[in-house]
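Enquirer: This is the structure I want to talk about, given as structure tokens.
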Amino acid sequence: MATRTRQIRRTRERVVTALAGLLVDIPYESITLAQIADAAGVARPSIYRLFSGKDDILAAYFAAIFTKFEADVAARQTAGLSAEEAEEWTYQALFRAMAAHRDELLNFARRETRALLIDGVWRYQERLISYASESDVVGGGDDEGRVLMPLLSQDARIVYQSAGGAAVVTEWILQGMRIPPDEMASILMSAQQAFRSQAAYLPEVLAEHLRRERQGSGSGEP
């Protein structure tokens with residue numbers, strides 16, 4: 001079972017990587033599943049078993065970028081950084097993770113595809129909001145597991161930070177990612193300073209989630 005799980009994971013990674021490579025030169029709307037399968041070196045039925053369609057692969061692509069961002073943040077949690085240094089690194093890691101995919105992401109800096117970019121970035125903000133609910137920063141969820149936002153006090157602050165962060169990242173990409181990532185990190189960090197001393201501060205919400213994840217995870221590979 002573990003071997004099969006690893007095979008599925010590797011196939012998914014190959015498919016997502018294939019899409020990323022195609023995005024460098026081909027408009028997203030022109031890319032076909034056949035092209036993705038050929039670039040990944042897998043049969044099309046394999047893609048159909050793992051993904052519901054091209055947009056599902058794209059969602060996995062965006063998720064992988066943000067997962068790498070979280071891994072970079074987590075790697076620094078044991079590096080002895082001060083609270084301020086850890087906070088600064090969180091913002092830097094976010095924009096560096098996006099900048100590493102600049103050639104692909106600029107595919108979405110067009111009117112035809114910007115809605116897909118907005119959706120991809122906002123999905124991660126929903127993930128951050130779910131982390132806040134783990135530590136009782138926000139309210140509970142509905143029957144489908146979605147976090148409910150009563151929009152009271154710190155609940156509203158989490159939503160405000162999430163929406164603002166998503167908007168800044170999205171606008172940066174739409175404008176061609178011309179400003180260096182570390183400069184963008186300083187801009188966003190400065191914009192969200194008002195929340196710094198409060199419990200509902202996204203960098204600390206993420207840090208707490210990653211600490212719990214590290215404490216609760218085993219060292220073996222599935």
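Glycine is treated like the rest: Cβ placed from N, Cα and C.
Per TrEMBL, the features are:
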DOMAIN    9-69  domain 'HTH tetR-type'
DNA_BIND  32-51  DNA-binding region
Enquirer: State the mean pLDDT for the domain 'HTH tetR-type' (9-69).
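Expert: Computed over the domain 'HTH tetR-type' (9-69), the mean pLDDT is 96 on the 0 to 100 scale.
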Enquirer: With DSSP as the reference, give the number of residues of the DNA-binding region (32-51) in helix, strand and coil.
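Expert: Across the DNA-binding region (32-51), DSSP assigns the residues as follows: 15 helix, 0 strand, 5 coil.
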